[in-house]
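Listed in TrEMBL for this protein:
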DOMAIN    8-132  domain 'MARVEL'
TRANSMEM  12-32  transmembrane segment
TRANSMEM  44-68  transmembrane segment
TRANSMEM  80-99  transmembrane segment
Amino acid sequence: TLPSGLEILRTFSGAVIFLEILFGTIVWILVASTGVPLPVLQGWVMFVAVTAWFLSIVFLSVFLFGYANRITVNWNQADFIFHGATFVFYFGAFLLQAATTSLHHFPRKFNSTMQETILSGREYNISIAASV
């Protein structure tokens, strides 16, 4: 049988899921606390962070509440696919967030007389933290 309850957190998979929830929450907060200069890029980052966070909670809940023993699925394969897909999506989100951060020094014209950078100094630092 598979571990259920808090025993799942003592396994490698349970610890990884817990870390995905923790770091997904941090990314979600950091990206949400900045302005959104490039909505397409940062929208995808937020979508990945929120979706992966929610699915990680659901996946962990399946083990915490013992549903894994009632559902006949190859849980090793499901775990591998889940973490692999999460890695691919988070890596893509990392690249987009890093691209947004790298555009910090480029000017952004609001009209013909006013220019400012895409990210302020504070937002630049938050974007670096979200990228990491």
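Cβ coordinates are placed from backbone N, Cα and C, and glycine is handled just like the others.
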### Task
Tally the residues of the domain 'MARVEL' (8-132) by DSSP class, grouping H, G and I as helix, E and B as strand, and everything else as coil.
92 helix, 6 strand, 27 coil
### Task
Average the pLDDT scores across the domain 'MARVEL' (8-132) and report the rounded value.
83
